[in-house]
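Accompanying notes for the structure given below.
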Amino acid sequence: MTAIEEITRQPLFGVALTVVFYAIAQTLNRRWRWLHPLFVTAGGMIVLLVACNIPYENYKAGGDIVTFFLGPATVALAVPLYKSAQAMKGKIRAIVLGSAIGSLSGLLSVALLMWALNGVKDTMLSMLPKSATSPIAIELARQLGGTPELGGVFAVLTGLLGSMVGPLLLRKAGVRSDIAIGTAVGTASHGIGTARLLRDSELRGGVSGFAMGLSSIITPLLCIPIYWLT
């Protein structure tokens, strides 16, 4: 075993690689706003691992450590939510209703798309929880009988797409309310979209975090009857 192989087997390798590429991605994002840091980080690491013939298992030893902190990072979204609580007073009913409708629309759109394309049931069940946070989407896909890995991929792709084009589409549609934007993006794009909105407004980020939590509760409940009908 060479020294390089020994280094790449250490958990610190995966952690360091993730941090370095994320720092590079943040730098690029400041210059080109359309370049999403998560996309650049994941893409850059994949290219490096393939080019250097480094097994994914070597990276995963450290990558799992980074993944572990997804939980605490998600909980930390309660901070902007707390700071936005006063501004959200009187709008809770609208946010809950908007999140419920958004969650239902997301599930129905997946079911209709798979039906129209004569898609595989496993793919549909994996895609159903795409608007929930990644950990919930993975577990929900498993419980529904889908593929957990696909559930995680669809959740990340949904978050990326929503964070990149969601605010732009809402602005083009004439939506200016921070409450409405936060509810829409948080419901559809979970934590990735919420992180994007926090760069624009703490209120938008707080509402988005609240909507994300609601969606993560509503989505599993709505998946039950859809699963029975398939």
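Just so you know, glycine gets a Cβ as well, placed from its N, Cα and C.
Looking up the ranges 150-170, 171-191 in TrEMBL, the one annotated as transmembrane segment turns out to be 150-170. Of the candidate ranges 35-56, 62-82, 94-117, 206-228, 35-56 contributes the most Cβ pairs within a distance under 8 Å of the transmembrane segment (150-170). Tertiary neighbourhood of the transmembrane segment (35-56): same-chain residues 8, 17-18, 21-22, 24-26, 28-29, 156, 159-160, 163-164, 192, selected by CB-CB distance under 8 Å and a gap of 6+ residues from either end. Tertiary proximity for the transmembrane segment (62-82) is limited to same-chain residues at least six positions away from its ends with a CB under 8 Å from its CB atoms, namely 10-18, 133-135, 191, 194, 198, 202, 205-207, 209-210, 212. For the transmembrane segment (206-228), the list of distant contacts is 77-78, 80-85, 87-88, 95-96, 98-100, 102-104, 106-108, 111, 125, 128-129, 131-133, 136, 140, 144-145, 178-179, 181-188, 190-191, 193-194, 197-198: same-chain residues at least six beyond its ends, Cβ to Cβ under 8 Å.
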